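Here's what Swiss-Prot has on this protein:
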- ASP324: active site, 4-aspartylphosphate intermediate (ACT_SITE)
- ASP361, GLU365, PHE393, LYS394, ALA395, GLU396, THR397, ARG398, MET399, SER400, LYS412: ATP binding site (BINDING)
- ASP535, ASP539: Mg(2+) binding site (BINDING)
- 55-75: transmembrane segment (TRANSMEM)
- 79-99: transmembrane segment (TRANSMEM)
- 245-265: transmembrane segment (TRANSMEM)
- 271-291: transmembrane segment (TRANSMEM)
- 605-625: transmembrane segment (TRANSMEM)
- 633-653: transmembrane segment (TRANSMEM)
- 677-697: transmembrane segment (TRANSMEM)
Amino acid sequence: MMRPVVVKEKQLNKSQIHAVEDEVRQAKTMDRDIVTHAMKQSVAKLNPKVMIKNPIMFVVEIGFIITFILSFLPSSSSSIPGWFNITVSLILLFTVLFANFAEALAEGRGKAQADSLKQSKKDVFANVVKENGDIVQVSATDLRKGDVVIVKQGEMIPNDGEVIKGLASVDESAITGESAPVIKEAGGDFCSVTGGTMVVSDEITIVITSNPGESFIDKMISLVEGAARQKTPNEIALNTVLTSLTLIFLIVVVTLPIFTNYLGFQIDTAVLVALLVCLIPTTIGGLLSAIGIAGMDRVTKFNVLAMSGKAVEAAGDINTIILDKTGTITFGNRMAHTLLPVGNETIEQVGKWAAISSVLDETPEGRSVIEYVQGKSISYNRELAEQGEFVPFKAETRMSGVDLQDGTKVRKGAVGAVIEWVESQGGTIPKDVNQKADLISKEGGTPLVVAVDNRIYGLIYLKDTVKPGMRERFEQLRQMGIKTVMCTGDNPLTAATIAKEAGVDEFVAECKPEDKIAVIKAEQDKGKLVAMTGDGTNDAPALAQADVGLAMNSGTTAAKEAANMIDLDSNPTKIIEVVGIGKQLLMTRGALTTFSIANDIAKYFAIIPAMFTLAIPQMEALNIMKLTSPLSAILSALIFNAVIIPLLIPLAMKGIAYKPMSSNALLSRNLLIYGLGGVIVPFIGIKVIDIIVGLFI
């Protein structure tokens, strides 16, 4: 009888357990430090020079000062007890402190991230290559743009640059958090290196691309600390509306005593201040800055560096996303799948010239051709190719190859491009070239034509696959009202097959860099906001033109400088998540604004009857909450007004839950939850507070 096999779960050893416990303990300590710092900052921000930047809370602070002074200047004509003024002033003080705490807490999280980044900025020495070839050691702070530096295994890259010689594995965990090293090599779109990262194997020569204080890490520190944070257009517009409302209510409250005197009664100053504070939108006024800062923080936690809050907001308003096929929609590892000879050519001839065209080609496709030919034991003259002059692939020509020493020109590339090249040299095109190219394209592959001078030998079948789950993600974007456009250098048949399989709305085949700009401009001319991803120098113009340009951290310096967002993980599909974060930011701001304004309805029913009931008994009909007394009603409304701010801080920091759906459906949902909820919650809250306050009055 067979004994049952017992599979044991993998157990953590003691050192691993202690390491995890240390990380948890450090995280708790950091959170505690952030909260402690935020509490101190909330007091420091009481400085009027700081408070005036938030007009709504500045008015509340002025109210606190007035009521605090009145607490020590008793009036014989006032019917309000002395303790009332001091109580109102304390409630107003806490209202301002809670608002300051929300902003300081959001800023504190950014500061914590900045501190961790500063740790990666160590003072290192760089091996600078002088013009005469001598190598001199200098401090990284003395490096300037254009300096050439050699970085060896185990050394830290001293500043941002581009690899001009060599190939090395680089540990970028200090920047990206990803422990797996990445390959950096001269030429192509993966030559960019970042200061503060470590070379873990081999040796590279780089040219410095930034001066001290201008490096990628310097920019990250500046952004996450908030030094470079400016209010976004939407934030400014909302702030203007809220400030205007505050000004209107201020005028109403200031002129109110004129009318009450005419009616034969007076309203105490503390009551007028309480009325003003309850009328103005203090909830959103206290949380507005925190929402914006937290939105940037969420993007940063997602390993995306946003150059401004405007970029994050623009992501939330995106109508069209331009996506590259290779590496974004598909895995991007197009490998040689088979060789197809044309006319009377043989597979050995196709393999021979395909290999010769690829010997000096360091792209994954070129290497896969060599591997395929060697795997099929097809012979070719490697030295012949190595002695020739390599012709790199260009987006404009859509071909690559080699010019041999005897004048022979070998090319491989897109069907249309190679056919045009052969015809320009007087060659004839075999009848089955297009037929076999179409067959490859219909299967979702990419055909590359192999030609020597004016003669076509055959085709290379490159195979790529669509990433799983892409169709579902594009369907989510469609539900959000966002159109997807796939740009690819493939021929129309291949592009159509991939587009259908992935579920994109439109595609642009045989796309050149200028075509991307044309697509972006065409969408923008329709009044739409456009997002796109890119990593190459040829993507830079389109990234700059797009409303949201997401560059890959592994890409070139030109691409990163042109974009307004950089993905530290170099994952092009992350643009979809960035759009979601942008929408979440806008929705959070809108929802809390709706909630704040809806709150005022309950406050009106609490404080207005309390002010006028004694002089106008008919106003008692408005006391639908049956509050204990006029003083209790005023204090209850003020306490709720203050307490709701810290209660909403987690929501402001985290953002409201977002589900892909149409704009109309989102509007209806949020109006129901935050509009109706904004009316109901304060009715309940004020009544509960009134019951408690009534026990002490």
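Every residue, even glycine, has its Cβ placed from backbone N, Cα and C.
A map of Swiss-Prot features onto the structure.
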{"residue": "ASP324", "record": "active site, 4-aspartylphosphate intermediate", "Cβ within 10 Å": "22"}
{"residue": "ASP361", "record": "ATP binding site", "Cβ within 10 Å": "21"}
{"residue": "PHE393", "record": "ATP binding site", "Cβ within 10 Å": "19"}
{"residue": "ALA395", "record": "ATP binding site", "Cβ within 10 Å": "15"}
{"residue": "THR397", "record": "ATP binding site", "Cβ within 10 Å": "18"}
{"residue": "MET399", "record": "ATP binding site", "Cβ within 10 Å": "21"}
{"residue": "LYS412", "record": "ATP binding site", "Cβ within 10 Å": "26"}
{"residue": "ASP535", "record": "Mg(2+) binding site", "Cβ within 10 Å": "27"}
{"residue": "ASP539", "record": "Mg(2+) binding site", "Cβ within 10 Å": "27"}
Does the chain bring the transmembrane segment (271-291) near the transmembrane segment (677-697), so that three or more CB pairs sit under 8 Å (pairs 6 or more apart in sequence)?
no
From binding-site residues ASP361, THR397, LYS412, ASP535, the one whose Cα lies nearest ASP324 (active site, 4-aspartylphosphate intermediate)
ASP535
By Cα geometry, the one of the binding-site residues (ASP361, ALA395, MET399, LYS412) nearest ASP539 (Mg(2+) binding site) is ALA395
Euclidean distance between Cα atoms of ASP535 (Mg(2+) binding site) and THR397 (ATP binding site), Å
19
So which of 79-99, 245-265, 633-653, 677-697 has the most C-beta pairs under 8 Å when paired with the transmembrane segment (605-625)?
633-653
With the ATP site defined by the record as ASP361, GLU365, PHE393, LYS394, ALA395, GLU396, THR397, ARG398, MET399, SER400, LYS412, how many Å span the farthest pair of C-alpha atoms?
18
With the transmembrane segment (79-99) as the reference, which stretch in 245-265, 633-653, 677-697 has the largest tally of C-beta pairs below 8 Å?
633-653
Per DSSP, three-state class assigned to ASP539 (Mg(2+) binding site):
helix
Express the distance between the Cα positions of LYS412 (ATP binding site) and ASP535 (Mg(2+) binding site) as a whole number of Å.
24
For ASP361 (ATP binding site), which DSSP three-state class applies?
coil
Alpha-carbon spacing, MET399 (ATP binding site) to ASP535 (Mg(2+) binding site), which is rounded to whole Å:
20
Pairwise Cα distance for ASP535 (Mg(2+) binding site)/ALA395 (ATP binding site) [Å, integer]:
14
